[in-house]
Ligand code: DGL
């Protein structure tokens, strides 16, 4: 009854952590493509090839449903995967829609026409590939009108987190928030549109100020997965064991993961 969680590296652990708290009985197969992170500076074909390869590997561990816990892969590859890669008994779900539904005060599956919502000035922090895909703005336009989105491509933050250099990551976050504020001085809400960024959430909140509501994905995705599995229990795969797979160096990745989640995490080679 396992479910898969995929990310380019360590960021998806923020989603894994929330899912394991929300669904403690579901075994989770995590795949971090650490050898190829960051995805945020790659082109769409490259991201598609890497993501499909990782998802295919995860199927071997008995998962039929994979959460693409990576905004960059969700933005650059998910639609193409759903159209021309996934067999009928497999599914991949992205991390954008639950977040946008929360921002636009919608229930799951509410497909009514776009309408005016409370927030009007939204700051989006994401990787360069996610920002240039404009996938966030596209999904938002299906659901809301009159929302002004200012996107800030946060170059370097994912690399710094993957390297465990949190001092550099913090300095970069502060300079990206400053750059955003020069373009949009008073955002009402900020979206952390990369699953690595919740690891820096207090820095984002501090740099943005207490009056900005910061949306991060982990809990929203966990809630929406629980809801999905209630409707589609047959999507629980045959796997019975939780495991952590990486394309990178298992010892190094395990040490960073243990530091981030504050519990022992043991990766093995994918
Ligand atoms: N956590 C991934 C995301 O949500 C990071 C992408 C990257 O590897 O640059 O976008």
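Placement of Cβ uses the backbone N, Cα and C atoms for every residue, glycine included.
According to its DSSP assignment, residue 71 (substrate binding site) is helical. Look at TrEMBL and you will find 7, 8, 39, 40, 71, 72, 195, 196 tagged as substrate binding site.
The active site, proton donor/acceptor feature in TrEMBL is assigned to 70 (among others).
Around the Cβ of residue 194 (active site, proton donor/acceptor), a 10 Å sphere holds 33 further Cβ atoms from the protein chains shown. DSSP assigns residue 194 (active site, proton donor/acceptor) to coil in the three-state reduction, outside any helix or strand. According to TrEMBL, the active site, proton donor/acceptor annotation covers 194 (among others).
The Cβ of residue 71 (substrate binding site) lies under 8 Å from the Cβ of 94, 95, 96, 126, 127, 130, 193, 194, 195, 217, each on the same chain and at least six residues away in sequence. The substrate site, placed at the center of the C-beta atoms of 7, 8, 39, 40, 71, 72, 195, 196, has further neighbours from the same chain whose C-beta lies within 8 angstroms: 9, 11, 12, 37, 38, 70, 73, 127, 130, 158, 194. Across the residues the record lists as binding substrate (7, 8, 39, 40, 71, 72, 195, 196), the two Cα atoms farthest apart are 12 Å from each other.
The two recorded residues, residue 40 (substrate binding site) and residue 70 (active site, proton donor/acceptor), show a Cα separation of 10 Å.
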